[in-house]
Amino acid sequence: MKTDTPSLETPQAARLRRRQLIRQLLERDKTPLAILFMAAVVGTLVGLAAVAFDKGVAWLQNQRMGALVHTADNYPLLLTVAFLCSAVLAMFGYFLVRKYAPEAGGSGIPEIEGALEDQRPVRWWRVLPVKFFGGLGTLGGGMVLGREGPTVQIGGNIGRMVLDVFRLKGDEARHTLLATGAAAGLAAAFNAPLAGILFIIEEMRPQFRYTLISIKAVFIGVIMSTIMYRIFNHEVALIDVGKLSDAPLNTLWLYLILGIIFGIFGPIFNKWVLGMQDLLHRVHGGNITKWVLMGGAIGGLCGLLGFVAPATSGGGFNLIPIATAGNFSMGMLVFIFVARVITTLLCFSSGAPGGIFAPMLALGTVLGTAFGMVAVELFPQYHLEAGTFAIAGMGALLAASIRAPLTGIILVLEMTDNYQLILPMIITGLGATLLAQFTGGKPLYSAILARTLAKQEAEQLARSKAASARENT
């Protein structure tokens, strides 16, 4: 009997171990329903906020254009009104940010990344109103900014607000709802749910804690925010460029060359952004009055450009279909590209509340169209369509600048509904990303966050030294 005991106990022990393993797996997949419910609440609120923000920007832009119509007979007065309307709106946005919530300036995405790393505070009670109304001022004034920055930061702050209001405890709940709000914000800004999910997983991969709980919550939040957007808008593609032809296999090497061009330009563009930040900081020196006046001058310039050369101002969504259709000459494309590079640098680097996704999409479209027009002339045997290079270029600058090729590709596909171009877009985006990484370029948002944290550390050190000096006296 003693010799039989081990042979009888071994299967029993194995069965117990299997049962215990299955029990552990099932328990691990038990997501707290409270977090999932809160994720749905966050997604709904973020979607409504994004819709309100979008409608508010459109209303302000229409009012500004209406004011210009009333002065159309007097050209000098028309230019003056164009400058002043945009300048006043921009100054309003700059003043709110500098006076009440400096962390609401710029894109806001680095702030969310810092919060996910527990290195930046989330003061939703002041960021939400300042980012919302400040962004209305700058974007409504026609500045070259995108709405995705405000909606992502607003979304993350709404996630933290819901956490505090419902008094949920734990780091996992805080981190999950913050990420859920950010993803929902991007999805609602572009009517691109899959891009919102990928944005959190790819762009915020160093900060995002990938767990069963967090990914389920992000999915739910993105679904709800997209539903809210489509209830108040439409279910079609955000940018209507029509159905473009597919790229033949023997032309794919051209898209790799286009990716190389963006891989060179992306890191250079990032350096220009950071350099312009330093230059403009030397101009205002941290003084609120100088900062607001400088912002008004930049906003007024965008207002003038919006009247004289509309393609060079605004976020760029109106420009993309026109450029993709080939309605600009090569000389005009070069002018638009150079002008928009300058205005993007001025607007974004000045600390205005607004994003850079949309301006970069427009820049990528213009450069891609120009490349496509050259390719059409050089290789007539391929029967190329310049618009396909425009679509490929849209996401390539994002890929090279913020180092998120998947997000850029899926975002453009969802916005334009040209899924047949996924292969050339992958080639262009991957080429741009690899070359940008090979040349040592730093991702834009990571570089901005590093600057913010260095400034925060310097301020804390200065306060500590001042406190020590007071104690010694």
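The backbone N, Cα and C atoms fix where each Cβ goes, and this holds for glycine too.
Proximity of Tyr445 (chloride binding site) to non-local residues of its own chain (separation of 6 or more, Cβ distance below 8 Å) is seen for Ser107, Ile109, Pro110, Glu113, Glu203, Ile402, given in sequence order. What Swiss-Prot lists as chloride binding site is Ser107, Ile356, Phe357, Tyr445, and the listing cites sequence analysis.
Under the heading intramembrane segment, Swiss-Prot lists 109-116 (among others). Counting only same-chain residues 6+ beyond the ends of the intramembrane segment (109-116), those with a CB under 8 A from a CB of the stretch are 103, 122, 149, 152-153, 156, 160, 175, 178-179, 182, 203-204, 206-208, 355, 445-446, 448-449, 452-453.
Taken from Swiss-Prot, the feature intramembrane segment applies to 177-189 (among others).
Taken from Swiss-Prot, the feature intramembrane segment covers 193-201 (among others), and the record attributes it to sequence analysis. Beyond the ends of the intramembrane segment (193-201), by six or more residues, the same chain brings 179, 182-187, 208, 210, 215, 218-219, 222-223, 225-226, 404, 406-407, 410-411, 414 to within a C-beta distance below 8 angstroms of the stretch.
Residues or ranges marked as intramembrane segment in Swiss-Prot (evidence: sequence analysis): 387-401 (among others).
The intramembrane segment annotation in Swiss-Prot covers 405-416 (among others). With a cut-off of 8 Å between Cβ atoms, the residues of this chain six or more beyond the intramembrane segment (405-416) that come close are 190-195, 198-199, 202-203, 237-239, 241, 357, 361, 391, 394-399, 422, 425-426, 429-430, 432-433.
Under the heading intramembrane segment, Swiss-Prot lists 417-421 (among others).
Residues or ranges marked as motif 'Selectivity filter part_1' in Swiss-Prot: 106-110.
Per Swiss-Prot, motif 'Selectivity filter part_3' is recorded for 355-359, and the stated evidence type is sequence analysis. A Cβ distance under 8 Å defines the sequence-distant neighbours of the motif 'Selectivity filter part_3' (355-359), meaning residues of its chain 6+ beyond its ends; these are 107-109, 144-150, 152, 189-190, 273, 315-317, 340, 344, 347-348, 398, 411, 444.
Mean pLDDT of the predicted structure over the topological domain 'Cytoplasmic' (1-32): 62. Sequence annotations record features per position, and here Swiss-Prot assigns topological domain 'Cytoplasmic' to 1-32 (among others) based on sequence analysis.
Packing against the topological domain 'Periplasmic' (70-76) from elsewhere in the chain is no residue: none 6 or more residues past its ends has a CB under 8 Å from a CB in it. What Swiss-Prot lists as topological domain 'Periplasmic' is 70-76 (among others), and the listing cites sequence analysis.
Across the topological domain 'Cytoplasmic' (117-123), DSSP classifies residues as 0 helix, 0 strand, 7 coil. The topological domain 'Cytoplasmic' annotation in Swiss-Prot covers 117-123 (among others).
What Swiss-Prot records for 167-176 (among others) is topological domain 'Cytoplasmic'.
Residues annotated as topological domain 'Cytoplasmic' in Swiss-Prot, with sequence analysis given as evidence: 202-214 (among others). Residues of the same chain lying 6 or more positions beyond the ends of the topological domain 'Cytoplasmic' (202-214) and with a Cβ under 8 Å from any Cβ of it are 28-29, 31-32, 35, 109, 112-113, 116-117, 172, 175-176, 179-180, 182, 402-404, 406-407, 445.
The topological domain 'Periplasmic' annotation in Swiss-Prot covers 233-252 (among others), and the record cites sequence analysis as its basis.
Summarising the annotation, Swiss-Prot assigns topological domain 'Cytoplasmic' to 282-287 (among others). Through the fold, the topological domain 'Cytoplasmic' (282-287) approaches residues 294 of its own chain, all at least 6 residues removed from its boundaries and within a Cβ separation under 8 Å.
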Considering all pairs of residues in Ser107, Ile356, Phe357, Tyr445, annotated in the record as contacting chloride, what is the maximal C-alpha distance expressed in whole angstrom?
11
Around Ser107 (chloride binding site), how many other CB atoms lie within 10 A of its CB?
24
So, do the transmembrane segment (77-100) and the transmembrane segment (288-309) meet, by the test of 3 or more Cβ pairs under 8 Å (sequence gap 6 or more)?
yes
Going by DSSP, how much of the topological domain 'Periplasmic' (233-252) is helix, how much is strand and how much is coil, in residues?
4 helix, 0 strand, 16 coil
Output the single range from 33-69, 124-141, 215-232, 253-281, 288-309 maximising the number of Cβ pairs under 8 Å to the transmembrane segment (148-166).
33-69
